[in-house]
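K.L.:
My questions will all concern the structure given below.
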Amino acid sequence: MSSVTQLIRYGVAFTDTWRQATDSSDLHLTPQRKPSWLETPWGGHYHGGNLFLDRPFPVRLTGTKYACGRGGCGACTVMVSKHDPVSRKIRHFSVTACLVPICSLYGAAVTTVEGVGSIKTRLHPVQERIAKSHGTQCGFCTPGMVMSMYTLLRNHPQPSEEQLMEALGGNLCRCTGYRPILESGRTFCAESSGCQQKGRGKCCLDQGENAASSLGGESDVSPGFCPLPERICTELFAKDEFQPLDPTQELIFPPELLRMAENPEKRTLTFHGERVTWISPGTLKDLLELKVKHPDAPLILGNTSLGPAKKSQGHFHPVLLSPARISELSMVSTTSEGLTIGAGCSLAQVKDILAGRVSELPEEKTQTYRALLKHLKRLAGQQIRNMASLGGHIMSRHCYSDLNPVLAVGNTALNLMSKEGTRQIPLDRDFLAGLASADLKPEEILESVYIPHSQRWEFVSAFRQAQCQQNALADVTAGMRVLFQEGTDTIEDLSLAYGGVGDATISAQKSCQQLLGRHWNEPMLDEACRLLLDEVSLPGGAPGGSVEFKRTLVVSFFFKFYLEVLQELKKPDRFLSALEDFPATVPQGVQRYQSVDSHQALQDPVGRPIMHLSGLKHATGEAIFCDDIPTVDKELFMALVTSTRAHAKIISVDLSKALELPGVVDVITAEDIPGTNGAEDDRLLAVDKVLCVGQIVCAVVAETEAQAKRAVEETKIAYEDLEPVIFTIEDAIKHSSFLCPEKKLEQGNVEKAFEEVDQIVEGEVHVGGQEHFYMETQRVLVIPKTEDKELDIYVSTQDPAHVQKTVSSTLDIPINRITCHVKRVGGGFVHLGLKSVGFMNSGRIRALDIECFINGGCTLDDSELVTEFLILKMENAYKIHNLRFRGRACMTNLPSNTAFRGFGFPQGTLVTESCITAVAAKCGPSVREKNMYKTVDKTIYKQAFNPEPLIRCWNELAEFNKKNYWRKRGLAVVPMKFSVGFAATSFHQAAALVHIYTDGSVLVTHGGNELGQGIHTKMLQVASRELKVPTSHMHICETSTATVPNTIATAASIGSDVNGRAVQNACQILLKRLEPIIKKNPEGTWEDWVKAAFEQRISLSATGYFRGYEAFMDWEKGEGDPFPYYVYGAASSEVEVDCLTGAHKVKKIRTDIVMDACCSLNPAIDIGQIEGSFTQGMGLYTTEEELKYSPEGVLYSRGPDDYKIPTITDVPEEFNVSLLPSSQTPLTIYSSKGLGESGMFLGSSVFFAIADAVATARRERDIAEDFTVRSPATPERVRMACADRFTEMVRDSRLFS
């Protein structure tokens, strides 16, 4: 029994059992805040074929995080280990726990992040390296990253870089930009394509002081210290400190489970939930009998199709059949004619099986296998490939299927089985269309899949285009096969199938028939494209939209196939470069920063790349987020009832059925609020009418979360629709629907300047709204105390004081009775700009007039502030004498938008840069430099500043780019002037409270919130320097309104700056009190001095305070000093665009960033902030397609399936970040600068590089250069902007159809 308890304690669970299920959702291994109840067979007994358990073990494993709930983000990744009955080996594979039915884990061992290592016992090398490599920021995604890498190492102790990229392809991170995560993983790889000398502490870029570039040399000591003046360091961590990986020390597969696997249980196991029955037969015979008994019951293996459908669409099945224990469905057999794969094999296993056959057979026999492998590398993420079965993928028949088109053209056959016998059917167009005559009968199952070998003179290819390279559903997929008459280029057989262009996979049979006997040449290509466009037609309202794009891909893919076959036939063609693919490779790069002064004390951590304070806890899952807090006594759950109408009058709210449900305690409405129900124009709970879909009407309180959610479904609200219903900026302008007055800044004489210029360019710039996509789900825990109406609130927020005030107002309780606690936090606007720019032929811009509109939703929220910041920051780095900026926030019937990183800056400056780019297209690339600020000057709002650091950043980047080889790809360089802080003095104040205890330990508290940006780490660095005490003596517990009251939101990149000043002030007060004691006993220790101070009744507690920077803005006069200081930077990016598909990569190429950080408090954290914000910006401008709403105002973009943030394969292949050396500012603490938001805009360098590549393509095709690539530059927009004969074919076919 002790071994079982020990294994459970370390996160390895005997899951040949189940948790008591109260709802269909409880049949899943769902990470949750409540205790995870895992049982063992010693606490249960068999009875009548059912397994019942009565001795649960509470393990409270909260390291596994619940985020998207649909298997798309990887935050809940765990490792499952099973005994493979075929190979008789233990198989370890990563899965997303949110989709794994716990009943499916019979005979399996589950390892969570707690089972890998702990700060309390021993760290695993994976955990140590990801933390010390600075691969964590907020830390919410880190346990999932750790588990993906850990599983990889269990299977491959020295993985290749390709295996590392594959393993992490299903894990999303919103903070780091992925580079440091990959850097930590690469330390385990057998080979590296990076610098081979850096492992020895040297870099090949740094061969001595004379050889160093203007941006760098190398530290030959520890990170953060270089002995020569103004030397540049390139090491953020010391690899030689890492403990080695010893595979012999890993946990073994539980012997009890091994014995079970060797003597498998044949009895059918049945698991009963409240609404769902899970039946797991032990033999194939039992399965076939159950299929007769339950013909409508689906077979479920990986749950990657049924699971998301249940959660997002409410699909429900009362009986589920699990064939997971039936070994016959996982068998693989080979013949001289082909390969038969069991339908129960996972897609990851299929990939390995196909790779094995490809390595063994002649190339001519493996054409279909190679095509399938191409898709299997990019289909979903590794976790989903480990879970999804081949049979499930085929039988789901998704219209966007990657494999079905290839299997269809490859003459695949399906082996079916029932109680009556076996039969074989082709996987053809009729089967994929679901025709009854070509489908399975209700009592049949798919046993295996037969894929024949290809033959000589037969060629098979696969194509897909998705919004991202990996872990994204395809827009269009294709499988194509051609067979030639031997020794000729005459088509004997042709088969083309497409996914994503209809309700099912479509086979272009008519087109193929008409092309038989044709030669493989240009006339055949033209005829094939015409035939395909006629046959594969999409109506205007086709599912998923993007009709022209998809039709273009239909012919573009065939053109690629045409070229591939020409290459195989050894026929030359000038377009063969179109076949080059974008491989997924681990990014390289150098991070440069200035070393600390050689005289700086070794224990002084300021300026050194110190690991994030919670880094190790992030990696072990021991960092507690709001959702991880254990259950409190009598805890209740609240679920919100929201509006289903965009603009309507509430006629009635019927709560009767909801209140009758078991466990429901109450339903809270606006009438129950004792205090203020929000503001007049922003109600907490709707009264009389609703202004958008999703507005809160009431809230259900119940004993469990499941009960509360079910009661929400039973709450009935009757509406009467109101007019107008406004969703777009255009509609808002039409109806004059605005949230606040226009904001305007103007200088010079704009009208006169436009009359005198040589040229004028006008146009529109659209920027899509950006989803925050925070990894941590929003939770709050409120604990009422037993007296005086006191409340403890545990919440994930940037502004606990605002939460405190809001709760006080709502409940009519004094603020002093409410305490908000923030331990840590894990984790847009649609924008339209109308531009008019006037310039001389020399490229000098004389006039610029920009009018901006943002979609602010139905209430004001932060929209007015964002509009102000957008206008204030829009000039960016350019001195233009005649300027006019205007901004309006539109009121629409959409949920209110709040601010994202950058607070309007990334959106507004994109409009400005678009103007500069338009001028540069006519006057040459020097336009940016020609129009930049050069000397001490004043902004449009009359604030003086010195652009010298901006010019230095630009020149440093120019030196880099002189050495770049131009390969006719897209290249862009953008400068940046980012204003830091709020436009109000009172928002810059900060306070801190520092205690010194009699043992010498120090407790630091301050008003900033840990959002992943490392503010707590930096505050301890400040306290350590001021008190001259090592950080090991110090601790930060949390941010609490009880210790530091009246705090300001942690935002505007100012948090570390102002709170650092407050901590500094408190520490200086304390040190001043200790000075007489230190003078009296200079040889004493810190502990001696503290003890003496206590005995002499000297207070060892001090409040620090910083009054803040002066800041103001007078909008009537259009002038002020709204910002304390500026951050300057520049970025260059080179991209490559596939003009046939619109795919683009910052691969095989590079991004270089130079940022003016002055004297960084912590280079590792600051570089991480730059990389992370750049990657977020790159997502905003390229992959994160604007939020989509239905015609009724329902948000479609609800998760990683619909909204694509950058993945690990989107990181620039060469990613260099340099902090500008020898930069100073006397204003801030230790001459540092806040860098949290500024790097976001630099991601636009990728957008403008894409636009440059598109412009190059259009010039080569003699197409007018005046065009606009809308942001984000998705593959669809890029492909359609790269106009060519195929897009013309599509447009012509539309005109004449």
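The backbone N, Cα and C atoms fix where each Cβ goes, and this holds for glycine too.
Take a look at what TrEMBL says about it:
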BINDING   CYS68, CYS73, CYS76, CYS98  [2Fe-2S] cluster 1 binding site
BINDING   CYS138, CYS141, CYS173, CYS175  [2Fe-2S] cluster 2 binding site
BINDING   GLN798, PHE829, ARG901, ALA1052  Mo-molybdopterin binding site
DOMAIN    271-456  domain 'FAD-binding PCMH-type'
K.L.:
Can you tell me which of the binding-site residues CYS138, CYS173, ARG901, ALA1052 is spatially closest to CYS98 ([2Fe-2S] cluster 1 binding site)? Compare CA atoms only.
P.N.:
CYS173
K.L.:
Please list residues from the chain of GLN798 (Mo-molybdopterin binding site) whose Cβ is under 8 angstroms from its Cβ, counting only those at least six apart in sequence.
P.N.:
VAL825, ASN1009, LEU1011, ALA1049, THR1050, ALA1051
K.L.:
Between CYS73, CYS76, which of the binding-site residues has its C-beta surrounded by the fewest other C-beta atoms within 10 Å?
P.N.:
CYS76
K.L.:
Would you list, in sequence order, the binding-site residues among CYS138, CYS141, CYS173, CYS175, ARG901 whose CA lies within 10 Å of the CA of CYS73 ([2Fe-2S] cluster 1 binding site)?
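P.N.:
Close binding-site residues: CYS141, CYS173.
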K.L.:
Can you check which residues sit near ALA1052 (Mo-molybdopterin binding site), meaning Cβ under 8 Å from its Cβ, same chain, 6 or more apart in sequence, and list them in order?
P.N.:
PHE903, VAL980, GLY981, PHE982, PHE987, GLY1234, GLU1237
K.L.:
Of CYS68, CYS76, ARG901, which is closest to CYS175 ([2Fe-2S] cluster 2 binding site) if I measure between C-alpha atoms? They're all binding-site residues.
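P.N.:
With Cα distances computed to CYS175 ([2Fe-2S] cluster 2 binding site), the winner among CYS68, CYS76, ARG901 is ARG901.
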K.L.:
Work through the binding-site residues one by one (CYS76, CYS141, CYS173) and name whichever has its CA nearest to the CA of ARG901 (Mo-molybdopterin binding site).
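P.N.:
Closest by Cα distance to ARG901 (Mo-molybdopterin binding site) among the binding-site residues CYS76, CYS141, CYS173: CYS173.
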K.L.:
Report, as a single number, how many Cβ atoms besides its own are within 10 Å of the Cβ of CYS141 ([2Fe-2S] cluster 2 binding site).
P.N.:
28
K.L.:
If I take the Cα of CYS76 ([2Fe-2S] cluster 1 binding site) as reference, which of the binding-site residues CYS138, CYS141, CYS173 has the closest Cα?
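P.N.:
Closest by Cα: CYS141.
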K.L.:
To the nearest Å, how far is the Cα of CYS138 ([2Fe-2S] cluster 2 binding site) from the Cα of CYS68 ([2Fe-2S] cluster 1 binding site)?
P.N.:
17
K.L.:
If you take the centroid of the Cβ atoms of CYS68, CYS73, CYS76, CYS98, the listed [2Fe-2S] cluster 1 site, which other residues of that chain have their Cβ within 8 Å of it?
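P.N.:
For the [2Fe-2S] cluster 1 site the neighbour list reads LYS65, TYR66, ALA67, GLY69, ARG70, GLY71, GLY72, GLY74, ALA75, THR96, ALA97.
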K.L.:
In whole Å, how far does the CA atom of CYS68 ([2Fe-2S] cluster 1 binding site) lie from that of CYS141 ([2Fe-2S] cluster 2 binding site)?
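P.N.:
With the alpha carbons as reference points, the distance is 11 Å.
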K.L.:
Quick one: among the binding-site residues CYS68, CYS138, which has the most Cβ atoms sitting within 10 Å of its own Cβ?
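P.N.:
Of CYS68, CYS138, the one with the most crowded Cβ is CYS138.
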K.L.:
Ten-angstrom check, please: count other Cβ atoms within 10 Å of the Cβ of CYS173 ([2Fe-2S] cluster 2 binding site), all chains counted.
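P.N.:
Result for CYS173 ([2Fe-2S] cluster 2 binding site): 29 other Cβ atoms within 10 Å.
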